[in-house]
Each structure stands twice: as structure tokens, then as C-alpha cells.
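Below you'll find the structure, written out as C-alpha cells, and then a few comments.
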Amino acid sequence: MKTLLLTLVVVTIVCLDLGYTRICHKSSFISETCPDGQNLCYLKSWCDIFCGSRGERLEFGCAATCPEVKPGVNIECCSTDNCNPHPKLRP
């Protein structure tokens, strides 16, 4: 009887949705689970003094709200897992 009860408890815990967390790219090839409350992924890009030789600077991450757009900075926000890949790695 105890085994049956323990089995039911384990199955219940496994089947419960204990809260979903977003997974976003943190770099070109690494993804991480976002902290609670941060359900958006973003990709921020901008040019610095090396833009001509190295290309745009990129910042990947998670956010609760889409970061504020500033002059010279492009920001893309999305709300599905790993939706913020490196621009050259997009399908």
C-alpha cells in the first residue's frame, strides 16, 4: 500500500506543470534558462569603433520587458525558446 501511495505521489509531481521558464541564447552557441519573471529573449546589436573590421557587437539575453531602444542600437525581442540566435546562424 505504501509503495502504491509513493508511486502516485511521484507520478503526480512529475505530471504537474511546476512553472515554465524561458530558454534564451546567452551567446552565439550557449543557451540558458531565464530567471523567473523573465519571459522574453532579446538580441541587441550596435556598432562601435571596430564595426568595420569585426562587425556589429551583439548582446543576447533574457528580459521581463523588451529593453529600451537607444539611438544606434537595434533590439529584437521574442517570446519562444531560443528565438534570439546569432543573425548568421538563423535558418
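Using the three backbone atoms N, Cα and C, a Cβ is placed for every residue, glycine included.
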Q. In Swiss-Prot, C62 is listed as disulfide-bonded to which of the following: C34, C83?
A. C34
Q | According to Swiss-Prot, the disulfide-paired cysteine of C41 among C24, C47, C51 | A | C24
Q: Let me know how many other Cβ atoms fall within 10 Å of the Cβ of C47 (disulfide bond).
A: 14
(Q) Which disulfide-bonded residues are spatial neighbours of C66 (disulfide bond) here, meaning Cα within 10 Å, out of C34, C41, C47, C51, C78? (A) C41, C78
